[in-house]
Amino acid sequence: MTSSNTLQKAIDLVTKATEEDKNKNYEEALRLYEHGVEYFLHAVKYEAQGERAKESIRAKCLQYLDRAEKLKEYLKKDQKKKPVKDGESKSDDKKSDSDSDSDDPEKKKLQGKLEGAIVVEKPHVKWSDVAGLEAAKEALKEAVILPIKFPHLFTGKRIPWKGILLFGPPGTGKSYLAKAVATEANNSTFFSVSSSDLVSKWLGESEKLVKNLFDLARQHKPSIIFIDEIDSLCSSRSDNESESARRIKTEFLVQMQGVGNDMDGILVLGATNIPWVLDSAIRRRFEKRIYIALPEEHARLDMFKLHLGNTRHQLSEQDMKLLAAKSEGYSGADISIVVRDALMQPVRKVQSATHFKKISGPSPTDPNVIVNDLLTPCSPGDPGAIEMTWIDVPSDKLGEPPVTMSDMLRSLAVSKPTVNDDDMVKLRKFMEDFGQEG
């Protein structure tokens with residue numbers, strides 16, 4: 001769409017809005033005014049040539065926004081009276097402001113939208129389920145668990161952390177750690193929000209959502225606000241960013257600073273894979289910045305054991321150690337994928353087998369009963385091999401083939417790590433400059 005087309009579209013929309021306004025179709029007029037302003041702002045940002053043209057469009061935007069706000073106020077008051085006229089005194093507006101905040105339907109609507117971000121059920125992830133990351137766990141216990149359990153410890157100048165940033169390569173357990181915090185902080189309300197929960201297409205609504213998020217957190221103290229991929233909301237300020245993004249960032253800064261509000265009992269927990277794009281003022285609000293690195297060998301060993309669980313396998317402790325050594329550079333998520341792929345290998349053996357043989361083992365229907373007529377895949381040369389496919393095997397007679405070391409090595413060979421060296425260099429540089437190791 002060219003500049004003239006965008007501007008013309010904006011002019012057409014506000015012209016229609018004015019007509020609907022005159023005809024007292026206020027809801028339609030409000031919709032058209034807001035739509036028109038969006039087109040005007042698009043033209044200012046991307047297409048308007050010259051500062052004078054931009055100033056002219058901005059002045060028009062303010063005029064139409066002012067009228068839209070008055071219409072919104074009128075529609076909010078469910079009374080049969082005329083709307084505030086253009087240029088009329090704002091005394092009526094002041095009267096409406098005197099109404100109780102708790103009765104504000106717009107606030108209720110925004111808070112209702114945010115209620116969906118509250119994790120009502122605990123995720124059931126314990127500290128022991130998170131392999132490694134001891135420094136990160138200790139910092140989170142210090143910030144969340146101890147102040148709730150021993151509030152008398154954190155008085156006077158000794159105050160708990162208000163903001164913690166978890167940064168590191170993708171798949172290292174940042175979100176998983178947040179789930180563990182939600183589980184262990186029994187008395188806390190856990191808000192898990194993403195950028196989509198806070199960004200709205202309506203002008204001015206996004207920053208109201210941010211404000212209402214913190215208001216909700218204050219109402220449900222003690223509370224934890226977890227913002228995943230915080231870089232999508234709070235990247236560095238620049239000339240070419242939208243006005244909406246700038247306002248969201250400003251509201252975040254105001255709320256996290258606690259200007260005019262109390263931040264006691266509220267922890268903001270952020271997670272990002274690309275911390276270097278965060279705005280410096282936002283970075284300062286996160287007092288603790290913890291680097292969640294790729295797992296070390298002992299942590300990778302624990303991860304292989306955790307992901308295998310009680311699945312039938314033939315891996316020895318030595319095999320596990322070898323897998324941990326061979327998986328350097330793999331994140332926790334990468335190891336999870338390797339094990340999941342290896343766990344599918346017995347299923348593939350069943351699918352491709354042309355011969356089965358009888359074995360004894362626990363019954364698939366009752367593991368406490370040992371039966372002697374289970375069928376498991378085998379090679380054609382095995383003693384007792386019966387030529388058949390999985391279709392011929394009764395559902396309660398299949399003997400599950402165990403996961404073997406060769407299955408794990410095959411999966412490790414085909415599943416590559418997802419973290420690249422360039423990102424690791426940037427993350428280590430950020431950690432050296434601003435963070436601490438987790």
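Note: Cβ is positioned from N, Cα and C throughout, glycine not excepted.
What Swiss-Prot records for 7-73 is domain 'MIT', and it gives sequence analysis as the kind of evidence.
The region 'Disordered' annotation in Swiss-Prot covers 76-113.
Annotated compositional bias 'Basic and acidic residues' per Swiss-Prot: 84-98, in sequence order.
Look at Swiss-Prot and you will find G168, P169, P170, G171, T172, G173, K174, S175 tagged as ATP binding site. Mapped onto three states, the DSSP output places K174 (ATP binding site) in helix.
Same-chain residues with CB within 8 A of the center of the G168, P169, P170, G171, T172, G173, K174, S175 CB atoms, the ATP site residues themselves not counted, are A271, N273, I292, S331, G332, A333. Helix, strand and coil residue tallies for the domain 'MIT' (7-73), in that order: 61 helix, 0 strand, 6 coil [DSSP].
Neighbour list (P170 (ATP binding site), Cβ cut-off 8 Å, at least 6 residues apart, same chain): N273, S331, A333, T418, V419. Neighbour counts of Cβ atoms within 10 Å were compared for the binding-site residues T172, S175, and the top value is held by T172. A C-beta separation below 8 Å, combined with a sequence spacing of at least six in one chain, links P169 (ATP binding site) to N273, A293, L294, S331, V419, D423, M424, L427.
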